[in-house]
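Chemist: Got a structure for you, questions after.
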């Protein structure tokens, strides 16, 4: 008999003790059927205790789900007592046609020495017609669905629900995804709710997101993606290759993957990216139809990829990079073109700066790289640029990005540029009928700001910028940039506009390599603020403050503009500008107002389906000096809140009411209002059409909830309308038995 500790801990030791055979009379032996063939009459997968120990009890699936490198137990029942001479083997097969030579079929015999596969099997207890076995898969076994059958002599028994799902194991020290922190494992593997940070660098807010990796059909959808990836069986062992393949398959570009991206502003043929509240309905729809779901943008891609990674057992987190550079030719430079009023000229830019971009980090050892690059790796499923002929990105070690080791795989140059590129501002003026470009300024610290993720174990933002880059201006940052620049072709400061053939360039500094900001003679500074709360329907009360800090009389040419833009930096409307000459003495400042009437932007708000942000750009030039400065900032509109009314606690399988209340405190009506609500383990996503909501009107929707799982659960609500695209709220409730 095995020791009690071995049974409770699912020991992976090969225990060969079998209950001794008793000496019995011939008649008694016949009555026991010992002379007959041994047949299996049943298999008990002991799902309750196995799944609890493997942290897989939350998966909504009938089959056994286990993690690799960790023992699980199976109870076999036989047609007669088991003899020492009986032949017994558990056969695990993966793929369509499992075969031993391919390594896709394993035959485990508890009475033989372990084979080279790394799997182990042992008898924990044998008593009469029952036998308790312990099976431990290899910590580097291919992940996927294994079919189990039991062979006794020439008989083969195929149990009902005999498919076993094998996942990566962050609890196993020998697995490459091992994460040695229980709180982090709870957050990055087991947490099925969370939030994604969006907005702009100085106006960050969160969007609640239901990852829902344990919901019905989600695990099967992930297994379908694994099969669809065409990864070789041997590659399914490798978290690096699996995460790279999933970054490709979550977008639809090359392979009819999960989500079709759409940044056009027209979502009539699908769901607006802003209407999704989580990954569940996306993956369920994809698995049901086997067709790409419409539509996604970066936070949706990142949310779904987080779900897929956590579902497969790879620790994952959503990462939001503010002022994220999309550097199309990886030269660490983004050119921004302005007219003389400071208005951005979209049509000329090859590169872009997104207000935010969301990707993922996944945790793993990098056995394919030199030592020192284990830990968090960046992956990105938003289709931006092709990598090895496919729209995929990563995994790329954060340490490689921080240290400037951009030669390391995968896609480190692209990710490095997203957080480190320089912005070069050009003013375009007409001279004798031709565009002439004047370089105004270079900003070396504006890209890759406030890199954010949800904190472990609490609903708060954690700033992880220091994991991606050294402090701006530090010696380490300078060395990192020099190293990275040695692997990236220098661009110089030549113009790279779409229509460069028709241009003349006034550029006082065309040196290649790392760019530097010039030292100001006047101590010129710019500051952009809003003087009133930015409610839709109200005038936008803005101000540009011009400052000088050194002795002298300074005359400053100031131009400032206000535009509406999408989060990718695309200008949706130009609202107005101010152009003034400001005179300052020494250390002083002047505030120049910029006021935009509500009528000039409300039509745009109602006509675009994306959430738009307020973008202000200011250009200042000090007369008689080379002092030039550009400053831009992005702000978001403020909205009235949604209130959720429900108890703090509820009992399992007992109904309770949840109410959602919204009062339109704006002075404009909200057309075609729709309320979306979802609560994992409580109720499926539901939508309430509310029609037009006039100023001052209160709307209330109620849903009766029946909790099906215990623990802390979250209810998420989102309100959309023609004018307001995304008011979100989440509220937690504790479900007890």
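Keep in mind that glycine also has a Cβ here, set from the backbone N, Cα and C atoms.
A TrEMBL annotation is a machine prediction, not a hand-curated record.
Since this is a predicted model, take the numbers as computed values, not measurements.
In case it's useful when we look at the structure, here is the feature table from TrEMBL:
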ACT_SITE  298  active site
ACT_SITE  357  active site
ACT_SITE  380  active site
BINDING   420, 422, 472, 477  Ca(2+) binding site
DOMAIN    290-383  domain 'Transglutaminase-like'
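Set these features in their place in the structure for me.
Modeler: Close to residue 357 (active site) in the fold, though at least 6 residues off in sequence, lie 298, 320, 321, 324, 326, 382, 418, each with a CB less than 8 Å from its CB.
Listed in sequence order, 247, 301, 302, 359, 360, 393, 394, 411, 415 are the same-chain residues at least 6 apart in sequence whose CB falls under 8 Å from the CB of residue 380 (active site).
On its own chain, residue 477 (Ca(2+) binding site) has 469, 470, 471 as residues at least 6 apart in sequence with a Cβ closer than 8 Å to its own Cβ.
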Chemist: Within the same chain, and leaving aside 420, 422, 472, 477, name every residue whose CB is within 8 angstroms of the centroid of the CB atoms belonging to the recorded Ca(2+) site, in sequence order.
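Modeler: Once 420, 422, 472, 477 are set aside, the remaining close residues are 444, 445, 447, 448, 469, 481.
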Chemist: Least buried of the binding-site residues 422, 472, going by other Cβ atoms within 10 Å?
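Modeler: Checked 422, 472; of these binding-site residues, fewest Cβ neighbours within 10 Å: 472.
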Chemist: May I ask which residues of the same chain, at least 6 positions away in sequence, place their Cβ under 8 angstroms from the Cβ of residue 420 (Ca(2+) binding site)?
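Modeler: Within the chain, residue 420 (Ca(2+) binding site) has Cβ neighbours under 8 Å at 325, 332, 447, 448, 469, 481, 484.
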Chemist: Among all the protein chains here, how many other CB atoms are within 10 A of the CB of residue 298 (active site)?
Modeler: 27
